[in-house]
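Undergrad: If you scroll down you'll find the structure; I have some questions about it.
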Amino acid sequence: MSQKHLGHTARKRFGQNFLHDQYVIDKIVSAINPRTGENLVEIGPGLGALTEPVAEYIDHLTVVELDRDLAKRLRHHPFLNSKLTVIEQDALKFDFASLLESDESKEKGKLRIFGNLPYNISTPLMFHLFSFADKVKDMHFMLQNEVVKRLCATHGDKLYGRLSVMAQYYCQAIPVVAVPPSAFKPAPKVDSAVVRLIPHKTPPAPVDNIDTLQRVVTTAFNQRRKTIRNSLKDLLSHDEIEALGIKPELRAEALSLQDFALLANKVNASI
Ligand code: SAM
């Protein structure tokens, strides 16, 4: 059911749940700790619940908003417009590296990305953002609580999966605050949480080819009830897995990032 907030009818297809809880807004802004001269980027600014308080601390902010009406509203915002560069685009397709092309932006350093993200695209958006990890200083995102748990999960945890392994490869993930549905209008059906992601300067496990790591992790978790001996049988033999010091009868959920890196490097070496 659509619902009006600040004169705008929330669009479900754009995952629009607008934040209105001041306590939560303050928590997020203080977690971001924005400073003038930094390269701040917001994904999905919407009606400006985070944009306005963040902009108070800085002189410039880039926002990426897909909804044409909301992008237009922000361009005509009475006091934000002079500080904002509004990019009316799909964040899933946006080249975040392009924001670092000018000399002025290079001087500001790596990107600091934040947003209360549209939940319907949060997992593909995370993967898209990971591909720019070397251009990013940190990220602060409101997400479905379950997605935050997945991002922070390590092997053996119930929600450990593809997203957890790839998140660990690229970043340190730290939960910031849990957020109830009542903090939003309209209220989502699920609990939410804010996560801080800090890209590693050097990956915690050496990987020869990131595409191969993705392929091995995806293949192993697509058949997560199977042993890796079975799920990875088209990529590696039982003996090859064992020679790496990994038990072939384990399931994907029991393997650490370091194990996946060893498997991926072995696959890569035999391509
Ligand atoms: N930041 C606002 C707030 O906290 O109230 C709005 C958050 S709302 C959960 C998600 C926002 O992302 C909406 O403004 C929506 O239009 C925008 N959005 C949805 N899909 C998007 C996409 N693919 N690229 C960029 N923005 C998107």
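Residue numbering: from 1, along the chain as shown.
Note: Cβ is positioned from N, Cα and C throughout, glycine not excepted.
TrEMBL does not curate its annotations; it predicts them automatically.
According to TrEMBL, the protein has these features:
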type	residues	note
BINDING	ASN17, LEU19, GLY44, GLU65, ASP90, ASN116	S-adenosyl-L-methionine binding site
DOMAIN	24-201	domain 'Ribosomal RNA adenine methylase transferase N-terminal'
Undergrad: For the S-adenosyl-L-methionine site as recorded (ASN17, LEU19, GLY44, GLU65, ASP90, ASN116), determine the largest distance between any two Cα atoms, in Å, rounded to the nearest integer.
TA: 21
Undergrad: Taking every residue in the domain 'Ribosomal RNA adenine methylase transferase N-terminal' (24-201), what is their average pLDDT?
TA: 96
Undergrad: Just going by other Cβ atoms within 10 Å, which of the binding-site residues ASN17, LEU19 has the emptiest spot?
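TA: Least crowded of the binding-site residues ASN17, LEU19, by Cβ count within 10 Å, is LEU19.
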Undergrad: What does DSSP assign GLY44 (S-adenosyl-L-methionine binding site), in three states?
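TA: Assignment for GLY44 (S-adenosyl-L-methionine binding site) reads coil.
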Undergrad: Could you say whether, by DSSP, LEU19 (S-adenosyl-L-methionine binding site) belongs to a helix, a strand or a coil region?
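TA: DSSP call for LEU19 (S-adenosyl-L-methionine binding site): strand.
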Undergrad: What are the sequence-distant neighbours of GLY44 (S-adenosyl-L-methionine binding site), meaning same chain, six or more residues apart, C-beta distance under 8 angstroms?
TA: GLY15, VAL64, GLU65, LEU66, ALA91, GLY115, ASN116, LEU117, PRO118
